[in-house]
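Pulled from TrEMBL, these are the features on record:
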| type | residues | note |
| --- | --- | --- |
| DOMAIN | A:101-320 | domain 'ABC transmembrane type-1' |
| TRANSMEM | A:12-33 | transmembrane segment |
| TRANSMEM | A:107-125 | transmembrane segment |
| TRANSMEM | A:137-160 | transmembrane segment |
| TRANSMEM | A:197-214 | transmembrane segment |
| TRANSMEM | A:247-267 | transmembrane segment |
| TRANSMEM | A:295-323 | transmembrane segment |
Amino acid sequence: MARFLTYVAKRVINYAVMIFVATSLTFFLASAFMSPRSNYESRTPRPPQESIEQSLTANNLNDKTPIMERYTTWLKGIVTEFDWGNSPTGTSVNSEISQRIGASVKLMLLSTVLSIVIGVGLGVYTAQRQYQWQDRLWGGVAALFLTVPTVVLAILIVFFAIEINSASGMRIFYVTGLSSYTGDNVLLAFLDFLQHILLPTIVLTIISAVGYHVNQRTYLLDEMHADYVRTARAKGLTKKQAIRKHALRASLIPTSVNVAFSIAGIFTGAVMTEKIFAIHGLGEYFINCINNNDIYGSVAVAAFSGVCTLVGALLADLFAAALDPRIKMS
Amino acid sequence: MTDKSQNPDLQDPGKLTQETVDHAQRLHEAETGADANWDTMARDDASRDESIEPATVIDGTPVGEGPAGRRPTNAELELESQRLEHTEVKRISYAGLIARRFFRQKSAVAGLTILAVLALLAIFGPMISPYDYTDPDFAALSVAPSAEHWFGTDSGGLDLFACVVHGLGRSLVIGISYALITTVLAAIIGTAIAYARGIWEKIGMWCLDMLLVIPSFLLVAMIVRATSGGTGWLMLIFGLSAFGWIGYARTLRTMALSLRERDYVKAAKYMGVSPFTIIVRHLIPNLGSILIIDTVLGVISGINSETAYSFLGLGIKVPDTSLGYILSQGSSAMLTAPWVVLIPSIVLIVLCVSMQLIGDGLRDAFDPYSRAAGNVEEEAEDATPGPEKLAEHDI
Amino acid sequence: MSSNTQNTEAALTVPVDDVLRYELLESNGPKNAPTGDPVMSVRDLNVSFNTEAGTVHAVRGVNFDLWGGRTLGIVGESGSGKSVTALSLIGLLDDNAHVKGSIKLRGTELIGLTDEEMSQYRGANISMIFQDPLSALTPMFSIGDQLAEALKIHDPEMSKADVRARCIELLELVGIPEAEDRLDSYPHEFSGGMRQRVVIAIAIANNPDIIIADEPTTALDVTIQAQILDLLKVAQKETGAAVVLITHDLGVVAGIADDIMVMYAGRAVERASVDTLFARPGQPYTMGLFAAVPKPHMPSNTRLVPIKGNPPSLAAIPPGCPFSPRCPIAGPECFKTEPHLEALDPAEGHLVSCLKMQQIRDQHLTYKEVYPDLEPLTPKWAEVPRDERPVVLELKDVTKVFEVQSKGLIRRTKGIVTAMDKVSFQIHEGETLALVGESGSGKSTTLMEIMDLAVPKEGTITVLGKDTRDLKSARERRELRRDLQVIFQDPMSSLDPRMPIYDVLAEPLRAQHWDKNKINRRIGELMGLVGINPDYVDRFPSQFSGGQRQRIAIARSLATNPKLLLLDEPIASLDVSIQAGIINLLEDLQTQLKISYLFVAHDLAVIRHISDTVAVMHLGKIVEYGETEEVFNNPQDPYTKALLSAIPIPDPPVERTRLRLVYKDGELVPANEVHV
């Protein structure tokens with residue numbers, strides 16, 4: 001066990017260094033490409049120069065301060081107070097992010113679960129019917145969804161939802177936000193939430209279920225042709241039994257590694273979907289930061305998603321170790 | 001938040017990298033492992049009409065007497081028997097064979113035809129269009145498709161046909177440049193890291209992993225946003241390509257790892273061939289088919305990314321226009337002017353699907369086990385083993 | 001000229017049962033003639049696959065019977081159809097295989113059964129042992145679970161305790177020590193030989209009527225191979241099953257089989273009892289196999305006789321006898337009609353498929369007459385005594401230590417392994433040193449150290465008089481490389497599939513900065529030297545057969561006129577009939593060019609044939625080093641003795657009766673006293 005903890009500690013330290021370097025790199029890039037000064041200068045009426053300088057300096061965003069000085073100030077803030085800085089308007093990045101994580105999790109959780117269940121299920125189903133019409137049909141669907149740009153897919157879904165709404169004369173689907181009900185009835189509030197979440201969930205589920213489907217199909221096909229499946233059949237198992245008992249188990253190992261990654265992804269949200277459906281999650285915040293020259297907001301988002309990715313990587317290792325007897329923990 | 005196509009809604013890097021690695025590896029194995037296959041095919045025709053050589057081998061008479069009673073060496077005997085074997089091989093170049101297998105597939109030919117039509121539209125469309133994509137027709141705001149405005153106009157009175165053909169051109173240029181640049185970068189960096197071994201390989205991998213930690217979407221957006229106007233699309237290509245190669249390089253490195261263990265690479269090393277020559281002469285050519293397929297599919301990623309950034313207002317901006325930009329303009333008036341959204345959507349889908357068909361066609365053409373191989377009886381169309389697969393049974 | 005379909009029709013008209021009766025009545029193998037009814041009867045078995053190269057006729061009209069307690073050896077090279085035959089008996093062919101004919105298990109027709117119906121028989125009546133034990137077991141399940149599954153699938157009622165007891169019994173039977181404790185182990189915790197024992201335990205779990213063993217020892221070391229073959233005999237005794245042993249190695253069948261069927265191009269070309277077949281092979285192809293194989297139990301004084309050419313593609317089998325293009329006694333009729341099995345000598349149940357049978361019978365032709373090319377080996381270097389020739393390679397007390405890391409998530413140093421422990425040997429100009437050892441013996445490490453021109457931590461490596469320690473610059477190394485070249489095992493992987501032969505051969509010359517004209521001339525020379533038509537320079541490696549590819553690899557290694565060739569199992573991946581050609585080529589080249597070889601191999605028969613001196617490696621040490629004949633005739637080290645006693649000898653009476661020794665903790669024990 002001690003050895004296991006040492007191993008995890010080593011990995012975590014390596015990842016911490018990686019995130020530190022990556023985040024610092026993002027800081028310098030963001031500082032080079034973004035100009036918070038222009039936010040103030042383009043205001044009408046243009047504020048006096050002095051107040052521009054004052055606001056910028058107050059938020060540690062003044063490009064007249066040497067970059068290394070800004071960097072150390074920023075870093076010190078994080079290390080000492082876990083303060084990730086302010087936006088050009090002076091709002092705290094910390095509070096912005098913590099407010100928005102909830103919306104992203106609400107959006108992502110359902111679609112992640114659905115996409116795993118549907119995608120893996122389809123993968124197993126089609127692999128067992130390789131080259132039959134079911135496989136061809138779902139393969140074609142997957143190829144189409146992989147090819148169509150996400151924007152186009154989301155817009156078309158919204159378009160048809162609006163058509164249905166206007167045809168039926170009712171607001172069945174909501175295409176913006178996560179809730180609009182303001183009353184106290186819990187049931188109605190939940191129904192309202194479902195009406196809002198349905199369309200973005202469809203979009204997100206389609207996008208990631210396709211990946212699970214294609215991968216699971218490939219993994220299972222690979223294992224189906226393994227020698228040990230033939231051994232199992234030679235024992236007297238039918239082909240279907242041999243696949244179900246032997247090949248499927250092995251093919252789920254890489255899939256569970258993928259699942260580990262998507263668990264981490266739940267927290268970082270989805271940029272396009274949040275933008276199109278006006279959901280105020282991290283993905284949308286991300287776009288706003290870039291559009292508003294919010295250097296610290298962008299860097300914080302980068303760092304946060306970096307942490308999530310690496311937590312996913314660590315989880316993936318652990319999943320694999322738990323499932324595959326060839327990988328020993330001790 | 002990073003992903004293969006910089007399509008911001010696909011959340012995890014591990015998944016897709018894994019997928020591409022797996023696919024690529026399989027393809028590669030199929031290809032190199034079964035390399036004999038395409039030649040078997042070519043040779044096969046020849047061996048059928050191979051003529052008989054009864055005259056040279058009569059009962060018990062040894063073949064091939066060496067000069068002046070000396071015992072013939074093994075090499076001489078072998079040459080003699082090759083002369084007798086009469087194996088006239090019908091030669092067909094590798095490229096020729098791939099082309100033949102590619103054009104044998106209806107879907108691939110359809111994809112290529114559609115792409116050609118779209119490319120012609122992008123080139124000649126602006127010439128035949130009566131309007132320019134920058135000239136609004138204030139007399140016709142949000143009009144439906146008509147004889148006057150073929151694709152209708154948007155709320156600002158811009159002729160949609162002119163905008164779409166211009167945007168199509170942008171998409172093609174951006175997609176193709178992106179695919180070419182990232183493939184070249186990824187191939188060189190990926191194979192170099194794989195070949196380096198030791199400390200340099202570790203450092204290289206660490207850097208790649210580190211770069212994958214930051215969502216590349218963010219980095220690209222920062223770079224692209226800073227630009228504007230008519231040259232924005234060049235900047236978009238630059239930004240997309242600058243961060244688009246990383247995951248791909250990682251994949252190619254994994255593939256090159258198995259190549260570097262091949263005996264021919266070792267043999268070259270022991271002959272004293274320089275590392276650069278080995279990378280260029282052995283590693284990259286043997287990744288060739290994967291590079292070609294991924295370049296074609298990379299075009300889709302490029303187009304996807306362009307659409308996403310422009311839709312978010314980060315990519316192509318006025319006065320320029322692109323399909324993503326038209327979509328973002330149209331999405332606000334979906335009920336009143338649905339054609340502004342639907343027409344570019346259809347164009348994008350057709351464009352991407354045609355590339356996908358070409359990519360799939362190439363993949364099947366390169367894959368010796370694929371069904372594109374043809375000549376297969378209808379009933380046994382599925383899962384045909386190549387001669388190699390058969391040989392596996394029988395070692 | 002008859003087409004394939006006509007051939008099949010011809011086969012149908014043969015009175016199959018009449019022919020097979022010879023065997024039934026007259027067989028004089030070790031167990032005499034079989035009695036009772038066969039457990040399985042195969043009649044006119046035809047298997048074909050549709051591929052893009054056309055329809056592959058993998059098996060064409062094969063007939064045989066299997067009797068309980070008897071072993072049928074099916075011998076053939078790759079593409080002969082032997083494995084497809086085996087898989088069709090148990091119904092495990094790919095879905096796209098077209099099987100015709102009849103396979104009857106105790107009177108029940110098996111052809112045409114669905115997968116579900118067939119699974120009733122698999123494991124219970126017919127079981128199979130596969131070639132590669134490393135991939136044959138499911139890595140995710142413990143071996144206890146995998147064994148139990150084999151029992152429970154045919155007897156779901158069996159109680160847990162009974163299953164467990166039976167599993168332990170089976171593991172003990174196949175010789176797995178501490179069977180009870182090993183039930184919960186996973187396959188990766190076992191060695192290859194141990195895993196093959198588990199596979200055998202699974203195969204015999206339900207006391208089957210038929211056990212099919214498809215090259216069960218090909219992936220194993222020679223000493224393990226001997227143990228597994230012994231175990232197969234135990235398994236047969238235990239179950240009373242009919243065993244089908246499929247192999248390319250004549251030595252393997254000699255000791256274990258009762259009857260032999262030789263297959264070529266999807267057909268049985270010869271059938272006889274094992275004694276008859278080895279004593280009097282009656283078909284030119286079988287004779288060729290004997291002539292092409294070096295004998296491990298006799299000193300070699302003649303050259304090997306290669307069978308020229310290559311086996312035909314099963315997708316385009318030429319008309320006539322499929323062996324006719326390679327047959328030294330083929331006459332015009334052989335190219336027109338395909339022969340079928342007929343009795344060569346009715347008194348012996350000896351069946352041969354050859355149009356020249358009459359001639360063979362009347363003139364009592366043996367392989368010495370059919371392949372008259374058995375030239376005596378020219379004594380090498382008779383003129384200069386060995387000691388006076390310069391030493392081209394010398395290793396002195398070279399020691400190499402590896403840190404071994406455990407596999408998996410947490411890599412920690414498990415310990416150190418001494419891969420080379422004070423290894424010393426020397427090679428003189430123009431001679432061949434064979435480095436023999438089983439997997440893990442350190443022979444590959446030794447080869448790598450020399451190839452890398454490594455500077456060992458302890459000891460010295462001296463190549464052509466230069467100590468590797470004194471090589472200072474990359475240029476000095478490159479110059480030394482010119483005189484030191486390597487040939488790898490697999491010619492498929494050692495030639496870049498994307499390079500035409502010209503570029504393949506030019507590569508080492510370009511690396512040494514030769515100019516273009518010189519390169520052109522040299523390539524022409526090289527192709528002639530190894531016997532490849534110089535007109536073929538534009539072709540790609542895949543357009544050549546395995547043997548030709550190995551010739552090209554040899555040509556490449558000779559390009560810079562090296563003094564020393566390192567050969568890493570150069571013929572191990574080639575078919576038997578092709579191997580002889582490469583061995584002869586290497587011998588010719590040595591005589592012509594006076595090169596020295598360091599020949600790393602595991603095949604002792606080949607080593608006895610080709611080498612002057614032998615170094616036997618075991619656990620990183622050279623345990624025996626001396627002149628080849630001396631080592632083979634009078635081995636000193638117990639490990640060498642065990643190794644030599646494990647080589648299968650292609651001579652049935654010898655192989656059946658000789659004493660096998662097992663090396664155990666530094667001591668020798670006769671195999672029959674060891675618990676198998």
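Glycine is no exception: its Cβ is also placed from the backbone N, Cα and C atoms.
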Ask   = Thinking of Cβ pairs under 8 Å, which stretch from A:12-33, A:107-125, A:137-160, A:197-214, A:295-323 has the most of them with the transmembrane segment (A:247-267)?
value = A:295-323
Remark   = Between the transmembrane segment (A:12-33) and the stretches A:107-125, A:137-160, A:197-214, A:295-323, the largest tally of CB pairs under 8 Å belongs to A:295-323
Task = Give residue numbers and ranges for long-range contacts of the transmembrane segment (A:295-323): same chain, 6 or more residues beyond its ends, CB-CB under 8 A.
result = 8, 11-12, 15, 18-19, 22-23, 26-27, 30-31, 34, 36, 60-61, 74, 84-87, 93-94, 96-97, 252-253, 256-265, 267-268, 282, 285-286, 288-289, 329
Key: Other parts of the chain folded back onto the transmembrane segment (A:137-160), taken as Cβ under 8 Å at six or more residues beyond its ends   = 122, 125-126, 175, 199, 202-203, 206-207, 210, 213-214, 217, 272-273, 276-277
Inquiry  = Within the same chain, where does the transmembrane segment (A:197-214) have neighbours whose Cβ lies under 8 angstroms from its own Cβ atoms, ignoring anything closer than 6 residues to its ends? I mean 6 or more beyond.
reply    = 106-108, 110-112, 114-116, 118-120, 122-123, 126, 138, 142, 145-146, 150, 153-154, 157-158, 161, 173-175, 178, 255, 258, 262, 270, 273-274, 276-277, 279
